[in-house]
C-alpha cells in the first residue's frame, strides 16, 4: 500500500492501540504516515498461539490507514507495523485480550452435528442474548491443521450464525467462543464425508424396475451470492436430505434432488439464513412404472411470474381412462399439453400474477397421487449485475418492481464492511432504484428490507470503480459569503462539484448565532448556498464533499453589522427546604409532562437497600401528575418516572427520606420542552426540581429578542413549574441559578419559531419506538396532509452525536424518513417542517434491548464527596440488575485528572487523583441518562492551584449485565453522612465497674444518614452485654456490662468512619 513521497519510518505514528482490549470486539487503530514519506506499509498481527493474521487495512486517502482486527482468543497479541521494511517506533505493539461477558450463558441451539456432508454449507446457531457485552468468534481447523474460511452473521437479537463449507473429507476441529472464552459445548470435532449426503447423483432413470424415482429439479431465483444459498429436503419419513445446488450465474440456482421415498416432500431453501419467498416448496414423489398415473416436474411446485412452468405426466401401464387437467390461481393461465408419444406428456403454463396456484390432475375421474398440487409463483426477475459509470446518474436500478415502497428500508455495505443507509425510489421504468455515495471501490451489497425481512433477490450486487469515488480536492468554492458578510442579511457563495466525481456534500456554519442555511441546486453540477446569521462576529463554514473537507475548508468569515437588541426578564424566588420525610409517611413528587398520556405513565421507587416498588401515579389535570409512595427505609431513594417504558426527561430523580445533607446548585435539575424549543405567543413549560438542593434563592432569566412573560408555580414538594411566553422569534437564553450559581446545563439555548402554521397538519405512521437494532436501517412515514413546505430531520444518539436523516418522497405529499442507529439506547428523532417541529417531535426511540435502566444504577463512595490533592479518590457505580448499557463518567474541575475504571462484582470502580483544590463535578450517565444524584460535587482540599480553566476527563464503559437473585446492601458508602459531626457524652466512655451497668449517649444530629456501629473488646474478649436504643431525634442511649477488670477498647462508628475520640479507652475497676 503506497502512501506519500519520501521514506522515514521513525516518523510513522500508530494511534488507537491500548494495553488491554476486550476479546471478540474489533480493535481499530490508525497508522499515520503523513510525515514519513513514500514506502511500502505492512501490518501483521500475531495471535497468542503464534499463528498470524492480516488486519483489514483501509487507505483513508490522506496519508493515514485505518486497521481493524478481532482478537478471538485470550492472551497477548503482537501487532507488527513495518514501513520501508523497518519497524516503526514502538513496534511490535503488545495488546492483551481480556475476557468480556459471560460465555457460560451462551447456548448452541442448532447445527451441532457430529457428521456433515462434504461441499455442503453447514450452519451453527449460537444464542448469546444473555451473555452480556461481547461477540461470538469461531475457529475451524481442517484436516491439515489450517483455519478454513467461515462467516459469522450477527442477527441483532443476541444470536449469531456461523456458516462454513468443508471442501474435503476428514476430521475438523471447531472452537466457538464468546468474549474470548469457550462457550458450553463449543470445543468439539466433526466428521466430514462424501457418503453422508443422501444419494443425488442420478441424473436420469437408468432402469424401469420398481423402487426407482424420477430426479426432481427446481430452478429458483435467490440472490447474487451463491454461498448464501442453502437447501434441504424433508422426506415423508421425517428424514433430511441435502440436494445438489448449482449456480446458474444469473441470480438463480438449480436444486437437483434424487428421491428415495414415495409421498409428499418439502424443499426448504434459505438465502443468507432467511427462507426465500415460497419456501418450503411441496412436491409429490411416486415410483417409476408403478402402474399408476404419476406427475413430476418443477411446474407442480414453483415458478416465476411471466415465465413458462412445466411438468410431466406419466400414464404408462395405467390402462384405459381419461386424463383431465385444471389450474386455478390469482391469474388466468393457458394450459398447453404436448404428447411425447412414449406414454408421457409435457404440460406447460405461464402465470401472470404471483401467488399459489392449485393444479388438479385426474385420471378416470380420480385424483392421481399428490393431486391437487400447489405451485408457489414468486414475483421478480433474476438479478443482473449493475455498474456505476463516470458521469452516470446516481439512480441505480435493482431490476425489481415493488408496488409499495413506503415500508421499505435499505442499506449498502461496502467491501470493508461499512454499512450506510441509502435512498430508495421508484424509477420511471417502474423498477426500484437507489441513490448512494460510494466511498470505496469494489463490490457493494444493497440490502432492501420490508418489515425487517429481505425482499426477493436482496441483497443486490453493485460494482464501484476507481473513477466513481468523489474527490473533495476537485470541488471549487467561490463567492463573497466565504470571506465576509453582514448580520441579518442574506450572504451567499457557490459550490461547483462538476469535476469532483460522485459524492455527497455537507455544509455547516458555526458562530455567535444560529445561521439558517439553504442550498439551491442550479441543476448544472453547481449550487448556490445562502445563510443569514443574526449576530455579528467570526463564523466558521465547513464544506465537505464525500465526507472530506474541500480545498480551503473550514473557512473563517467575519460577519459585521449591529448586534441584535436583547431584552432580559428575571424573576427571583426563595425556596425553603422541604419538610423532612420519615419512614411510613407519604412522599410526593409533582411533575407537569406535556405530550404524555396518563395511561402510559408508570413510576417506581428503589430504596437504599435495593428493593424496588411501584408508586401511585395520579393524573391531576392536563399532563400534570402526582407521584406518591410510602418509604420503608431512611436514606437516598431513586424514583423512576417513565412514559411508554422510557424515562421522562429528568428521570430518575433522587429522593432523600430523612434529613437532606450536601445540597447545592448541582442538585437542582430542570427539564421540559420549554428548555428545548418554543413558538411565539405560545406557553413554553418546564419543571425545576430543587428538593435535594435544600434552601436557597432561585433566579430565572429569559433573554432574547422580546420580553418574556414568566409565570412561576411552587408545588411545595421540592418541585416547581415555570411557564414563559415571548412575542418575537429568535434564539433565547434561559438561565437558571440557585444561590447565584448556574444549575447543570444552564444557560439553555432555546430556538423560538414563528407560528408553526402548517406543521400542525403533518402526521406520522409506521414509527417503531422500540426494538430497533444497531446497524439496521429504520424508517417511518410523514404525511403532509395538504401542507406545503420543506421537511428536514436529524437523529441525536445517546452519546450526543447528531446525524442527518434521509428524506425521500415516496408519493405526492408522503415522505419516508430513514436512518441507521449507531448506538444502543434512547435516540431523539427531530422532524421539522419549514424549521418548525411537527407535532410530537422530537420522537423518542429506543434502540437495542430495553434493559439498560438508569433508575437501577446507584453510585457511592468518598470520592463523590471529598478528596485531597495528590491522593487517590475512589467511588463505585453499582449496575446490578440495571441491564447492559453505556456507562459514561466525567470528572470536571480545576485540574485535569486521570480517570481509571475497573470492573468489580457489583459494578465498576472509578479512581481519580486531583492535583488542585476546589470543587469537582462528577457526572454519571447510564444509557445516555443521568443517574439519580448526578452530577455529584466533590470538595477537594490541599495544596495545588488550578490553571483557572475547567478541565475534564471522561470514561465510557459498555457494561455487562450483572444480576442479583437476592436483595443485598452493596455497602454503607451509599449513605450521605459526616462522622465528624457525631458527639458522645457519658461516664461510660471513660470508666466502668465490674458487673455494673455503664451508660453513655450518642447524638447524630447534623451528621446525615448512616448506620451506628458500636463494639467493645476487653482483656479476655468482647464485653458480655451491650445494648443500643434509639431514643428519637437522632439520639441513642448505650448500656453495657463488663465482668473483667482491665482496659477495654470501645469503638463507635457512624457508617465506616470512627466518630471523634473513637476508639475510646475505658478502665474497668
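Using the three backbone atoms N, Cα and C, a Cβ is placed for every residue, glycine included.
Curation plays no part in TrEMBL annotations; they are all automatic predictions.
As annotated by TrEMBL, repeat 'Filamin' applies to 4-97 (among others). The repeat 'Filamin' (4-97) scores a mean pLDDT of 88 in the predicted structure.
TrEMBL lists 98-192 (among others) with the feature repeat 'Filamin'.
Taken from TrEMBL, the feature repeat 'Filamin' covers 204-285 (among others).
Residues annotated as repeat 'Filamin' in TrEMBL: 285-377 (among others).
The repeat 'Filamin' annotation in TrEMBL covers 380-464 (among others).
What TrEMBL lists as repeat 'Filamin' is 467-559 (among others).
Taking DSSP states H, G and I as helix and E and B as strand, the repeat 'Filamin' (563-657) has 3 helix, 52 strand, 40 coil. Marked as repeat 'Filamin' by TrEMBL: 563-657 (among others).
For the repeat 'Filamin' (660-752), DSSP puts the residue distribution at 9 helix, 49 strand, 35 coil. Here TrEMBL flags 660-752 (among others) as repeat 'Filamin'.
Taken from TrEMBL, the feature repeat 'Filamin' covers 754-847 (among others).
Under the heading repeat 'Filamin', TrEMBL lists 849-940 (among others).
Annotation source TrEMBL lists repeat 'Filamin' at 974-1068 (among others). Secondary structure of the repeat 'Filamin' (974-1068), assigned with DSSP and counted as helix (H, G, I), strand (E, B) and coil, comes to 7 helix, 54 strand, 34 coil.
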Work out, from DSSP, the number of helix, strand and coil residues along the repeat 'Filamin' (754-847). 5 helix, 47 strand, 42 coil
Out of 4-97, 754-847, 849-940, what stretch is closest in contact terms to the repeat 'Filamin' (563-657), meaning most Cβ pairs under 8 angstroms? 849-940
Stretch with greatest number of CB pairs under 8 Å, the repeat 'Filamin' (974-1068) reference, 285-377, 467-559, 849-940 candidates: 849-940
Could you give me three numbers for the repeat 'Filamin' (285-377), the DSSP helix, strand and coil residue counts? 3 helix, 46 strand, 44 coil
Tally the residues of the repeat 'Filamin' (98-192) by DSSP class, grouping H, G and I as helix, E and B as strand, and everything else as coil. 3 helix, 53 strand, 39 coil
Can you count helix, strand and coil residues in the repeat 'Filamin' (849-940) using DSSP? 6 helix, 48 strand, 38 coil
Can you break down the repeat 'Filamin' (467-559) into helix, strand and coil residue counts using DSSP? 8 helix, 49 strand, 36 coil
